[in-house]
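Everything below concerns the one structure shown next.
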Amino acid sequence: HSCVVCVSPEEERRVRANDREYNEKFQYASNCIVTSKYNVITFLPVNLFEQFQEVANTYFLFLLILQLIPQISSLSWFTTIVPLVLVLSITAVKDATDDYFRHKSDNQVNNRQSQVVIHGSLQKEKWMNVRVGDIIKLENNQFVAADLLLLSSSEPHSLCYIETAELDGETNMKVRQSLSVTAELGDPNSLASFDGEVVCEPPNNKLDRFCGLLCWRDCKYPLSNHNMLLRGCVLRNTETCYGLVIFAGPDTKLMQNSGRTKFKRTSIDRLMNTLVLWIFGFMVCMGVILAVGNAVWEREVGSLFQSYLAWDLPVDNFLFSAFLSFWSYVIILNTVVPISLYVRSGILYLLINWDRKMFCPQCNTAAEARTTTLNEELGQVEYIFSDKTGTLTQNIMSFSKCSINGHAYGVLDFSSFNPLADPDFCYYDNGLLKSVKLGDLHSHEFFRLLSLCHTVMSEEKKEGELMYKAQSPDEGALVTAARNFGFVFRSRTPGTVTVTELGRPVTYTLLAILDFNNIRKRMSVIVRNPEGRIRLYCKGADTLLFERLHSSNNHLVNITTDHLNLSFIQEYAGDGLRTLALAYRDLSEEQWEEWSERHRQADRATDCREDRLADIYEHIEQDMMLLGATAIEDKLQEGVPETIAILSLANIKIWVLTGDKQETAVNIGYSCKMLTGDMTEVFIISGNTVLSVREELRVALRGDKQQQCPPPPGPPAPRPPSSTTLDSISGEFALVINGHSLAHALEADMEGEFVSTACVCRAVICCRVTPLQKALVVELIKKHKKAVTLAIGDGANDVSMIKTAHIGVGISGQEGIQAVLASDYSFSQFRFLQRLLLVHGRWSYLRMCRFLCYFFYKNFAFTMVHFWFGFFCGFSAQIALDTGYWTAINHFFVWGSVGSFFTIMLAMHSQTLFSIFPNQFHFVGSAQSTLVQPLVWLTIVLATVICIVPVLAFRFLKLDLKPQLSDTVRYTQLVRQKTRKPAGRCMGGVRCGFRRSGYAFAHQEGFGELITSGKNMRLSSLALGRRLSHQWNQQPGTSTCSQGNQPHRVRRTDRWTDDRKKKDRLSYPTGLSWNM
């Protein structure tokens, strides 16, 4: 087997199937993953090395060594070793506990079972024992164990469906297909004889790219990403498939994007290291002064006592005595460095763990501080980098509102009306249900469109138990809505769609699917009803669909537009709706035949096929009749818009980094109020080359500088700020950049321009980014802005970003626990981030500031006593207080005061004292007895007035005379809210908010072709379609007309006439009623 690929021989990977001996020559990595930092052997040396990076720990180790020298030590060695060992032990236990959970997670993953083809049979192997070149069998809903080349599948045409939430955050299904040459290898015996060799690119972190060749039977077959199943994906809607392991363990793309576990330090830690160095220098100066004093004293005074008080050996002169005295004072004055500060937050994390306001009763999950060293850093966060799916959103779409024939609609009980209803579906307007029950033709046609115009697959395991498999949540929500209103999509074949309309089964012939793409932003189907009438149904972005309507729809378009604008305005009250317009067109048999022939020619074209098809689609999607519009709610997590608004007021910039499409990310930006309709400009960076990206960034930066809006009119602030800080808080610009453009923007010669442009924008959204790009963006801000960063996410694709940021927060959501295990803090809802930063962050920082002041005051006061005492003891390095004495006093007053407080409180309120002295001590119920005394109330009032009134007066005067920046920002925000124009109304020359189509934000092009070709149909469905076709052909009074291989039923006695010439523009053709 010999192959040649586009990479150089020294950088290529060769994998031969079922040949471990051959593959082991290359020493490829095993499938065992390790995310932990330590093992049993390396824990002690590595952990001690990390801890002794703290200057104070190194300093006290140095002191301990000095104290072991008897000639200079006046203190016992245990006075230093006890606190040092205590500090090191507490930190080591914490680090060992954190790493234990990482080991536990690794073992859980590495010990998962997989089925490997060995000698023609399937044998169970742990994931950690899987090797490159093995062939693995996967079953439905199983995780992919390694990066696999798909060889065969149980689905037709060797298709399989995967979910990639842990890789890119998207929960919609994606399609993968094996090579046709390996599709026949569907059983272990044939797979055991497969000896093909794959030559491909080396391991890399590109999730959307794979380049290689399969060499088998003296032929070469190109491989692409469409043939690969990546580790972290989940197999969906596919019974079984087989794959060849190409990359394993750390070489997989998931692990290549996961990043390394980093040792995180806070700004306080770095400040403490600097302070310790300065304090050490100050202590050296004191030691030098005392040593000089010792030399002078020994020369002038000490020499008079040499006859009966000689120097101890080996001291023989006053200079050597001064030298030893210097080191003795270094030991005595060591208390000027507060070692206790390094265990300052060892128990403060409990305040976060015990916070009931950060407890989620629905998930039964409390907040958890997984680190004890970053608490004070929480209050200094300036940039938040957030994932979208599962972090900001619940990834749940629901049919919320609709407009039908100029009427706006929008918890019903569907079970009594429709036994096939989905029990989880909710709708809040009885008027629409009544309209359907009363037989309104427009309502019926509205839901008929939703039940026919889609690419959803249906599975009915039991009678009445339908399960829809939609490639996007939007699509599933629309079909589910039609289902609950009585138009139930039941099944499909390549040429038919079967629905149940108000209890009556109806089968439509599917003539064509005009597939969705990002340019068209719509999809259409052309169907023939049982009576032989042909109709085109279309749904898509309202702004594009309205341009293709018949002129008789103008009045209805205006009414529907008002309804859509209403949904847009209400979105800012928290609805977050995605709008979608629906329309149809009647086609005559001649129109259909003519268009079908042109479509066949365009489909067979060898050059510019996509452009030709787009022109054909555009031709038929004209002169349509408007049915109405829908509004789908992409449910945010509770409190997300309010949390983002409050964090923005705190001058914290929030960036969204997501793997979703640009339309999805922008729409969520509007829903959570990161983007608003009254923004001056939203810059879209979508260039594919370095030059185009640089030019777009420069245009955006010039737009920021030239279009900066002046402050709103109104009464002047108490003291307007002169800095540009306020402009950055209240900027009216946003930046949206996709993954391809971001790859260029992150290059060394352009990263400065990208940071400059992004940091002056109020909101930044990066879409279609890989996990590694998320980490690079965080690292870029850390490098250029020197700001404290926080990353928050819920999936494995967020782990690299969480590890890179100063503070990592994991959401314990539905995408596993990888993000939680890699995080420093974890909770279940994004809204808890507000309390973590603004409450616990502020408290922790204030505690630390006061701790620093107190400890330095205490230690300096205690140390200066010994410095001053040196002038009275002949600079002999004697201690002022015995070590045991001051240690005993310290412990006595600390623990004694706490014990005395609780003892007195318990005794004063005990039943025992009351029973012994009932007349003297009315301590039981003493609180109630006290409150009836007028003197007590007078004391409370006087104390309140004396303590609070001066403070309040001082605060108000300070706010009025010398306001802080936060006060000015708050005042400016209030002024802008009062003067801000209402959303949704266009003023002359001012850009108003625009509606956003919610159709197929996670949709992918190509599903229509799969359906019409029958590649994704099971054999049972194909057989059913052939039987139905045969039955129709046998019925009298019908004939079969053919479009390709698809039978079409047409009645000879009935033709569908076009009634569009009716004068009433709000009415529809009589042909609107098909099956009533």
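Quick reminder: no glycine exception, Cβ is built from N, Cα and C everywhere.
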Item to check | Feature transmembrane segment in TrEMBL, mapped to one of the ranges 761-782, 893-914 | outcome: 893-914
Checklist entry - If you check TrEMBL, which stretch out of 844-862, 863-881 is marked transmembrane segment? => result 863-881
Next on the checklist: Out of 59-88, 275-297, 934-957, what stretch is closest in contact terms to the transmembrane segment (863-881), meaning most Cβ pairs under 8 angstroms?
Outcome noted: 275-297
Item to check | Between Asp798 (Mg(2+) binding site) and Gly659 (ATP binding site), the C-alpha gap once rounded to whole angstrom | outcome: 10
Item to check | Euclidean distance between Cα atoms of Asp387 (ATP binding site) and Asp794 (Mg(2+) binding site), Å | outcome: 8
Checklist entry - Looking at the binding-site residues Arg578, Arg768, which one has the fewest other Cβ atoms within 10 Å of its own Cβ? => result Arg768
Checklist outcome for this item: Should one count Cβ atoms within 10 Å of each candidate's Cβ, the binding-site residues Thr389, Asn797 would be headed by Asn797
Item to check | Maximal Cα-Cα distance (Å) across residues annotated as binding ATP, namely Asp387, Lys388, Thr389, Glu475, Phe516, Lys539, Arg578, Thr658, Gly659, Asp660, Arg768, Lys774, Asn797, Asp798 | outcome: 34
Next on the checklist: Please list the DSSP helix, strand and coil residue counts for the domain 'P-type ATPase C-terminal' (820-882).
Outcome noted: 41 helix, 3 strand, 19 coil
